[in-house]
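What TrEMBL annotates here:
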type	residues	note
DOMAIN	16-298	domain 'G-protein coupled receptors family 1 profile'
TRANSMEM	6-25	transmembrane segment
TRANSMEM	37-61	transmembrane segment
TRANSMEM	81-103	transmembrane segment
TRANSMEM	124-144	transmembrane segment
TRANSMEM	175-193	transmembrane segment
TRANSMEM	238-255	transmembrane segment
TRANSMEM	275-301	transmembrane segment
Amino acid sequence: MVTVIYLALFLVGTVGNSITAYTLVRKKSLQNLQSTVHYHLASLAFSDLLIFLLCMPIELYNFIWVHHPWAFGGVVCKGYYFLRDACTYATALNIASLSVERYMAICHPFKAKSIMSRSRTKKFISCIWIASFLLAIPMIFTMGEIYGKDRDPDSLICTTIVDASTLKTVIQVNTFISFVFPMVVISVLNTIIANQLMVMFKQAAQENQVCTIGGQQTMLSMSMEPSRVQALKHGVRVLRAVVIAFVVCWLPYHIRRLMFCYVPSSHWTDFLFNFYHYFYMLTNVLFYVSSAINPILYNLVSANFRQIFLSTLTLLCLPWRKKKKRLAFTRKSNSISSNHTFSSQVTRETTY
């Protein structure tokens with residue numbers, strides 16, 4: 001059963017994130033957008049894709065199917081945990097950076113144009129990846145191979161090789177940077193964004209209402225357009241879903257890791273071992289669910305990206321419709337680009 005779940009998540013995660021990355025990198029219609037959100041989405045897709053490709057196969061074989069002996073050697077043992085933590089840091093920080101980008105674009109759109117340029121966004125994302133790999137370096141010295149009794153080759157496992165106090169420090173730092181800090185960022189900023197969208201919705205409900213955005217006043221002409229009002233409501237729901245999904249998928253994973261380093265060895269009864277075994281599988285499934293649903297969740301966020309994503313998926317599945325779809329999308333893109341009003345720009349930002 002666990003194998004089936006893992007394989008299903010692997011299929012959904014690799015396909016979804018691969019198409020997302022391809023769409024964001026190759027499609028010129030996205031690269032020409034003024035918003036820099038697609039850079040953050042591409043970085044998130046790459047980190048999620050690496051989690052599936054580098055971590056899941058090894059975990060499935062040597063932690064789910066065959067518990068021991070460890071079959072891949074000492075270098076892979078250290079490298080597995082190093083890359084797993086690096087990708088985890090990258091994913092969490094990318095989610096946080098995406099919230100920062102959305103906060104600036106929606107709540108301070110005028111400042112965002114000058115502050116969040118493409119070059120600065122690329123440098124910022126590069127710093128996230130460099131920081132993620134640097135933060136994961138302690139795992140190289142924390143994990144290693146250990147034999148059981150009498151150095152029996154069949155008892156070889158890949159586990160912690162440091163004392164309890166060092167392990168606690170490593171896990172605590174990891175939990176704070178890859179969960180607590182991003183959770184606070186996305187919770188606070190998404191709450192502010194949601195409140196801003198609700199204010200815009202209420203003001204737009206009144207005809208000829210002056211709306212204050214980013215400390216400046218402007219007239220919104222979307223009060224009589226139900227589709228745009230609905231877009232504001234949709235944006236609020238998606239922001240809530242982002243926070244809920246992050247907490248539900250990541251909190252159990254970090255609780256399990258803290259449990260491993262904080263429960264003394266003398267307290268590990270047979271019942272606790274059995275509980276931890278199943279809790280381990282549950283938390284890791286949720287961990288991979290997070291990376292699998294990110295393309296789906298953030299597809300809900302961006303209307304423009306969603307259209308291009310579905311177009312790319314259709315072309316990959318039905319290549320003979322390529323010419324027809326391309327012509328249809330070109331006409332639609334030209335129609336969208338002809339609308340240069342501020343109100344339509346704000347609406348696109350609110351839907352990511």
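Placement of Cβ uses the backbone N, Cα and C atoms for every residue, glycine included.
Because TrEMBL annotations are produced automatically, they should be read as predictions rather than curated entries.
It should be emphasised that the depicted structure is a prediction, and the values quoted were computed from it without experimental measurement.
Counting only same-chain residues 6+ beyond the ends of the transmembrane segment (37-61), those with a CB under 8 A from a CB of the stretch are 3, 6, 9-10, 13-14, 17-18, 20-21, 24-25, 30-31, 71-72, 76, 80, 83-84, 87-88, 90-91, 94-95, 97-98, 101-102, 105, 118, 121-122, 125, 128-129, 132, 284, 288, 291-292, 294-295, 298, 302, 305, 352. In this chain, the transmembrane segment (175-193) lies out of contact with the transmembrane segment (275-301); the count of Cβ pairs under 8 Å, excluding pairs fewer than 6 apart in sequence, is fewer than 3.
Confidence over the domain 'G-protein coupled receptors family 1 profile' (16-298), given as mean pLDDT on the 0 to 100 scale, stands at 82.
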